[in-house]
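Have a look at the structure below, then the notes.
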Amino acid sequence: ATSGKVIRCRAAVAWAVGKPLSVEEVEVAPPKAGEVRIKIVATGICRTDDHVVKGCIANVEFPVIPGHEGAGIVESIGEGVTSVKPGDKVIPLCIPNCGECTFCLNPEASYCVKSHFSEPQNLMPDKTSRFTCKGKQIHHFMWVSTFAEYTVAPETAVAKIDSAAPLDKVCLLGCGFSTGYGAAINTAKVKPGSTCAVFGLGGVGLSVVMGCKVAGASRIIAIDINKDKFAKAKELGATDCINPQDFNKPIQEVVTEMTGHEVDYSFEVIGRADTMIAALASCNMNTGVFVMVGVAPSDAVISVDPLLLLTGRTHKGTLVGGSKGRNFIPRLVSSYLEKKFNSDLLITHTLPFAKVNEGFALLHAGKSIRTVLLF
């Protein structure tokens, strides 16, 4: 009944940098050719959404509807769309897969040339918006904008998932869980029997812990200044939990003493220059791999002692799991349904969408791992 028509619905709009999100009635236009309109059922609150509101993400334009960790049901499709149909369960992808660019055609690559990092995704590919509010054009965020009851995304940024998937649980697989789990499985390629160190135990850091465990790591050292996170980290597979504030020496020295020769893989899941360097220094020379997972502020700079790299360490970065989302996310959902991992353990709070700012307050206070908003 709604196909081809403008839909009026609720969305959380960031009108300006630093202002709390405002739940507004917005108009969502029908999808154009190659686009999909999705009824969002559930969306997680990710630290990156907080970075958007605070103005820390480069190239985002205001006013904007944030949110990029959602799951929903296809409401209608534009001309030429073949991979999904109305009624399909889907997860929108904050990094698309056009399937045609040099990166999409490279089996080793995972980030499409059409991602936000090479050309901003504040408007749809035709450079117009599908959102309006109070007569004003509202920008998209990474083509997904899941803080809206209905959103429009290009077909290339939509992954069809198993119809048995519970959307209020698998929404995390759109960003937070897949980012951490994939950093261990796809980017680092953690080997059985190896040692790992994970800096930062938020939702993504704990997902790294889960990925390291599934990959067969024999020792997983979890590091955070909030001891309240240690019980959950151990439940998910960490063998050791340490707080840098308990030591009067650099944390990389503590890790070296614990292991005797540094770790095989280290992950920084915070987004701070100092902890990135500490994590790099915590992995061993010759074969140590450091993976940068946390998103640093857009003006951050890291200064590295060249000797750390000259002696053989590898410094890698990863986004949303280091794999092509249209393939990886459906596979992850299948693994979830097969109970290969339990990402539900990351969900500490479930709130109605109207309480979106309460969800951000829980994040700021360090009281939540993941809050899921339900429409």
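Note that Cβ sites are derived from N, Cα and C of the backbone, with glycine treated the same way.
Cross-referencing ARG8, ARG10, ARG37, ARG370 with the NAD(+) binding residues that Swiss-Prot gives (GLY200, LEU201, GLY202, GLY203, VAL204, GLY205, ASP224, LYS229, VAL293, GLY294, VAL295) picks out ARG370. The record from Swiss-Prot ties HIS68, CYS175 to Zn(2+) 1, and of the options CYS46, CYS98, CYS101 it ties CYS46 to that site too. VAL295 (NAD(+) binding site) is 15 Å away from HIS68 (Zn(2+) 1 binding site) when you measure Cα to Cα. The closest partner of ALA1 (N-acetylalanine) among the binding-site residues, by CA position, is CYS112; the full candidate set was CYS112, GLY200, GLY202, VAL293, VAL295. Within 8 A of the CB centroid of the Zn(2+) 1 site residues CYS46, HIS68, CYS175, the other residues of that chain are GLY44, THR48, ASP49, GLY67, GLU69, CYS94, THR146, GLY174, GLY176, THR179. Around the Cβ of ASP224 (NAD(+) binding site), 24 further Cβ atoms fall within 10 Å across all displayed protein chains.
In space, CYS175 is the closest of the binding-site residues CYS101, CYS104, CYS175 to GLY200 (NAD(+) binding site), judged by Cα positions. Listed in sequence order, the residues PRO96, ASN97, GLY99, GLU100, THR102, PHE103, LEU105, VAL113, LYS114, THR156 complete the 8 Å Cβ shell around the Zn(2+) 2 site centroid, once CYS98, CYS101, CYS104, CYS112 themselves are left out.
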